[in-house]
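Here is what Swiss-Prot records for this protein:
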TRANSMEM  7-24  transmembrane segment
TRANSMEM  28-50  transmembrane segment
TRANSMEM  57-79  transmembrane segment
TRANSMEM  84-106  transmembrane segment
TRANSMEM  118-140  transmembrane segment
TRANSMEM  150-172  transmembrane segment
TRANSMEM  256-275  transmembrane segment
TRANSMEM  290-307  transmembrane segment
TRANSMEM  314-336  transmembrane segment
Amino acid sequence: MSTHLRKLPGLLLCLLLALPAWYLGRLFPIIGAPVFAILLGMLLALFYHHRDKTKEGISFTSKYILQTAVVLLGFGLNLTQVMAVGMQSLPIIISTIATALLVAYGLQKWLRLDVNTATLVGIGSSICGGSAIAATAPVIKAKDDEVAKAISVIFLFNMLAALLFPSLGQLLGLSNEGFAIFAGTAVNDTSSVTATATAWDALHHSNTLDGATIVKLTRTLAILPITLGLSLYRAKKEHDIVTEENFSLRKSFPRFILFFLLASLITTLMTSLGVSADSFHSLKTLSKFFIVMAMAAIGLNTNLVKLIKTGGQAILLGSICWVAITLVSLAMQLSLGIW
């Protein structure tokens, strides 16, 4: 059997799990399709032990379909629009990202949490949830159970943010503009930002959704420097251990991140030439679906019992990151005179 045909059974299995997960994600956007995909994968893994025929396809999906999803994610970024509208929120974005990364790095040893999970929780909390985790996992060579743990933590605090933040913003007296920045900087995943801003708009008959989404997209750009920095650090560390040869920047750069940037530049150029942003909608949708397929594969490679037993430290780290990001976002708004 050829290499491609050997991958087919595993690919089809991930596709079959992704379809109901996608549907459930549409019904319950506050949870999201990637979380349903991981759950379905983990539940099936409890009973599906003899997977010789599907092993290659599952591995291919969790790695290469995931990287393809990140590349396609670039077609959702119009850099001109993001830079024009998102610049006001840039100091807050930088502050919240730096806070989450410092908290994750500082508490990793104290919580006795593995480095990869702590890194994924910090990056997922500060940049763009599941998409940031999807982009970072291949760079740091994270194991599937580490990815599943981080995604689960992000989901928990996404849900809490969507439920609590509209009432919190009202209690604090945030303006519509202030809440758009708050939701865009303090909520992790795009779907949860949408849910949070929509709930605020329903309460106040306003339109914060567009502003919150653009702030969120501006945060997404941080994927580029963060993943590049991590890939260089990891490659240099591995190089120093293995060999004394000169370090190669070109070899250490993750190609799929380069293609992500290229996709963003293509989108920016085409829209500046008058092409409608809706033209890229199908590619953005395909990106989201590929992430769901990859999460199904990751779920299939994750031990649910082990995840439950060892997930406490990751949840604690996620909660501290979440509170820290929330406080810094509000404090920066106060210092900049937005709140």
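Each residue, glycine too, has its Cβ placed from N, Cα and C.
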When counting Cβ pairs under 8 Å to the transmembrane segment (314-336), the leader among 84-106, 150-172, 256-275, 290-307: 84-106
Whether the transmembrane segment (256-275) meets the transmembrane segment (57-79): three or more C-beta pairs under 8 angstroms: yes
Residues of the parent chain within Cβ reach of the transmembrane segment (57-79), under 8 Å, 6 or more residues beyond its termini: 6-14, 51, 131, 134-135, 137-138, 144, 217, 220-221, 223, 256-257, 259-268, 271, 277, 280, 283-284, 286-288, 290-291, 293-294, 296-298, 300-301
Candidate ranges 28-50, 84-106, 150-172, 290-307 - greatest C-beta contact count to the transmembrane segment (118-140) (under 8 angstroms): 84-106
Residues from the same chain, set at least six apart from the ends of the transmembrane segment (84-106), whose C-beta lies under 8 A from its own: 118-119, 121-123, 125-127, 181, 184-186, 211, 214-215, 217-219, 222, 226, 317, 320-321, 324-325, 328-329, 332-333, 336
Residues from the same chain, set at least six apart from the ends of the transmembrane segment (28-50), whose C-beta lies under 8 A from its own: 14, 17-18, 20-22, 130, 148, 151-152, 155, 158-159, 162-163, 189, 191-192, 194-195, 288, 291-293, 295-304, 307
